[in-house]
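**Student:** As annotated by Swiss-Prot, transit peptide applies to 1-36, with the evidence given as sequence analysis. Taken from Swiss-Prot, the feature Mg(2+) 2 binding site covers Asp378, Asp382, and the record attributes it to similarity to another entry. Under the heading Mg(2+) 1 binding site, Swiss-Prot lists Asp378, Asp382. Under the heading motif 'DDXXD motif', Swiss-Prot lists 378-382. According to Swiss-Prot, the Mg(2+) 3 binding site annotation covers Asp530.
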Amino acid sequence: MSVISILPLASKSCLYKSLMSSTHELKALCRPIATLGMCRRGKSVMASKSTSLTTAVSDDGVQRRIGDHHSNLWDDNFIQSLSSPYGASSYGERAERLIGEVKEIFNSLSRTDGELVSHVDDLLQHLSMVDNVERLGIDRHFQTEIKVSLDYVYSYWSEKGIGSGRDIVCTDLNTTALGFRILRLHGYTVFPDVFEHFKDQMGRIACSDNHTERQISSILNLFRASLIAFPGEKVMEEAEIFSATYLKEALQTIPVSSLSQEIQYVLQYRWHSNLPRLEARTYIDILQENTKNQMLDVNTKKVLELAKLEFNIFHSLQQNELKSVSRWWKESGFPDLNFIRHRHVEFYTLVSGIDMEPKHCTFRLSFVKMCHLITVLDDMYDTFGTIDELRLFTAAVKRWDPSTTECLPEYMKGVYTVLYETVNEMAQEAQKSQGRDTLSYVRQALEAYIGAYHKEAEWISSGYLPTFDEYFENGKVSSGHRIATLQPTFMLDIPFPHHVLQEIDFPSKFNDFACSILRLRGDTRCYQADRARGEEASCISCYMKDNPGSTQEDALNHINNMIEETIKKLNWELLKPDNNVPISSKKHAFDINRGLHHFYNYRDGYTVASNETKNLVIKTVLEPVPM
């Protein structure tokens, strides 16, 4: 049960060839498929259909389970017709000029005509500037300037925090909370005890009962800071509970405004399920509203102008990449397999939502292809394939030799061929950036993944319900996080020598925690639909088995607590001081986890493309922002 459910092929995919190479093979394939209503021709049979499962018996006596998934929502002709004017060189030239102007704004924060800016709020100005460019998704242009600003702020950091300016003796909560979050995310050593100095005699964060905009902003920054917690930081737990409660109450009393929109977004997506591109789009809209109300200064307007232009330039690139993805999907022959979910557009939305660097095209495309392959395998192992067929396929993946697949059913031959060719092609491309062969790493991860799938298929076939620990250890592998992350990561222009892989891949704590979060969160969103498809084993059902008398609510509470603690552990693995593995080497794997978590924030956003998922595709991929 996968929670996830690079190069374009030069010609029609081998799956299509496998389907159409001979009349005999076509009939052999259509016998089971046509009887299940998945081909336009063939015999019909009696079928029983539940809310999310169709079972049918073919005329050769084979009974198969099929998830009742909705079809692809995004027409290929529509995707191929997309166009954008923002790919023109004139827009890129305008962006370069604006980048230079924003760099000058950064520099002016330190000096203006040889004099330092106001000592009253210079620290807050530095932090706000960094916060703005990061939330707007344009920080990649200003890494040097950000480092200078944060070094400056950190030089005034104390155990009691900081004030708004270098000469302000009294520390304030707003600047301290904003500084804590940004400094911690950039690898500076800061401790949460700093927030103890903002408590009253009752041990609570000191604030008035009046919901002033200044106070709300301070508590909002405290909430954002509390989400970057490490294990055992009780102060951060208390800050999160207090600030979340305060902000929810504030929403009931303040009018609808840019501030209320910001609060709603942060409460909804927090940090670990936040997509950077969605945040950029949301923050652009918020600042645009402030512009209409004449609430922005000249510098922020300049930053906003660059953010909108950059958003739309990348939007033009997204359309071209999405066309490539859609062509690959169509040529692969997967649209002819109607028992699988077709979610390539959603996968692309996810990956382009976490990586907006134009040069990382192969990373994005390989992620989409790997995730779609995972989804095909998931649907094949969970529902359509018989246990005997799956045993043959599992053995074939271990052999990794397409010449030895004659024993497979025709539909499996096609799936195997696309899997084999796509993985090998991506490994060849990865060799260019890594300078070595990475196929052995990916094959090992793929074999482990298929093995975990196979074990779950055996459980389904035999009706076995494992213990929680047995299910969870296997489920971390079958979540698909590792295999979805590993191959695309090799496509980056970042070297991943063996000692770095040991820190982010199996069996590292980083990999274990990332897989754990995805398995746990996925099960809380999917367990009811999985049970309807005949998949009894889940974290919920296995917990209840181990704890007789417990309810689903008990199980969900236990698992949600596990998720919260594991997120803190993953935060630590990302941000802990480590000279051997810089944050940049871990960041893409971490952000993939955030993106996948986003799609399971409230529901299974893959299997069922809700209005929220559709709106995400529209807002972050299909539509530009108004200039």
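Cβ coordinates come from backbone N, Cα and C, glycine included.
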**Student:** As a test of reading the model: what is the averaged pLDDT for the motif 'DDXXD motif' (378-382)?
**Tutor:** 89
**Student:** When DSSP is mapped onto helix/strand/coil, what comes out for Asp378 (Mg(2+) 2 binding site)?
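**Tutor:** Where Asp378 (Mg(2+) 2 binding site) sits, the three-state DSSP reduction gives helix.
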**Student:** Would you mind pulling the DSSP three-state label for the residue listed as 'Mg(2+) 3 binding site'?
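**Tutor:** Assignment for the residue listed as 'Mg(2+) 3 binding site' reads helix.
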**Student:** May I ask for the distance between Asp530 (Mg(2+) 3 binding site) and Asp382 (Mg(2+) 2 binding site), taken between their Cα atoms and rounded to an integer number of Å?
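**Tutor:** About 9 Å separates the two Cα atoms.
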**Student:** Taking the Cβ of Asp530 (Mg(2+) 3 binding site) as centre, how many other Cβ atoms lie within 10 Å?
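**Tutor:** So the Cβ neighbour count for Asp530 (Mg(2+) 3 binding site) comes to 24.
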**Student:** Got a sec? Which of these binding-site residues, Asp378, Asp382, has the most Cβ atoms within 10 Å?
**Tutor:** Asp378
